[in-house]
Amino acid sequence: MATMYHDEDADLAIIQSKKVAVIGYGSQGHAHALSLRDSGVDVTVGLAEGSKSRAKAEAEGLKVASVADAVKNADVIMLLAPDHVQRHIYNDSIAPNMKAGAALFFGHGFNIRFGYIKPPANVDVCMVAPKGPGHLVRREFSAGRGVPVIVAVEQDATGNAWPLALSYAKAIGGLRAGGILTTFTEETETDLFGEQSVLCGGASQLVMYGYEVLIEAGYQPEVAYFECLHELKLIVDLMYEGGIAKQRWSVSDTAEYGDYVSGPRVIDPNVKENMKKVLADIQSGAFAKRFIDDQDAGAPEFKSLRAKGEAHPIEEVGRNLRKMMSWVKSANKDDYKEGSAARGQTCRSDC
């Protein structure tokens, strides 16, 4: 069983005695910065000049500085930027300004695991990663609860990295729910595998294939959309609440029986073997290299695949059907542009 940590295992005074720079003010950045501040921590948000998030952070009463200036005065630097951007921020603004004995924190282990960031031997390297989106992390903290976190130490230069990491986790509310001991390697490899094989790649491809099968068999696109995409939320919500068992408890006997007899016909042992190959590519670094090399070349493969996905017929059908759903329309108040996976900023964390 995993080693678990709770509030009583951490000393909040440790992080309260530090100056913390949170680099980025996107989904996770805002949750970390505000919750640290409300836990009595001296926080500065580090943002690029001209960042549109500067006004948002300042409106919350947070101190804002350039990344370089935020790092110069920091004992703890939490880097919350997209994977392919982090090494540039680190090389340009963090490495030249990070003092000996400081602690470099991450919310995801990608750049450490695959060697794109190589911290010096005289700093601690830690990870505190909430298992939920930033808005949920902040909402639960504000309600006196917390979202579970996973915690790791890759390098303990000072001998105090573990108490510091647990103190940070406590300050953002994570240990109210519980912290799980992990490693940078385990977090990175399982996170990428889950995204690619199940949560993003697997689910998206399954939905599109199901839709295509019904269309090719002569069924109406609108009905196929509802059956293969729209109702997926019901199933996922039930799994989220009570695992696969609650999903099967909630659906009809017909659906449950179909789950047992047809699921293994669709997701057969060949799929499991393909998943093992995906994991092997992650473990070897082949996926990371392919992704970073493509990003460094201007992301031609990434953009081509995105455009292909956006052109799938299920997207147009969905856009028209969602016009009927007032509860969905009211939820889309962020920067999302209907039908496009592209984001309006280079740095998803708006750093």
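Heads up, the Cβ atoms here are built off N, Cα and C, so glycines get one too.
What TrEMBL annotates here:
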{"type": "BINDING", "residues": "Asp191, Glu227, Glu231", "note": "Mg(2+) 2 binding site"}
{"type": "BINDING", "residues": "Asp191, Glu195", "note": "Mg(2+) 1 binding site"}
{"type": "BINDING", "residues": "Ser252", "note": "substrate binding site"}
{"type": "DOMAIN", "residues": "1-182", "note": "domain 'KARI N-terminal Rossmann'"}
{"type": "DOMAIN", "residues": "183-328", "note": "domain 'KARI C-terminal knotted'"}
Fewest Cβ neighbours within 10 Å, where candidates are the binding-site residues Asp191, Glu195, Glu227, Glu231 | Glu231
Rounded to a whole number, how many Å is the Cα of Asp191 (Mg(2+) 2 binding site) away from the Cα of the residue listed as 'substrate binding site'?
-> 32
To the nearest whole angstrom, what is the C-alpha distance linking Glu195 (Mg(2+) 1 binding site) and Glu231 (Mg(2+) 2 binding site)?
-> 20
About how far apart, in whole Å, are the alpha carbons (Cα) of Ser252 (substrate binding site) and Glu231 (Mg(2+) 2 binding site)?
-> 14
Average the per-residue pLDDT over the domain 'KARI C-terminal knotted' (183-328) and send me the rounded value.
-> 97
C-beta crowding around Ser252 (substrate binding site), within 10 angstroms = 8
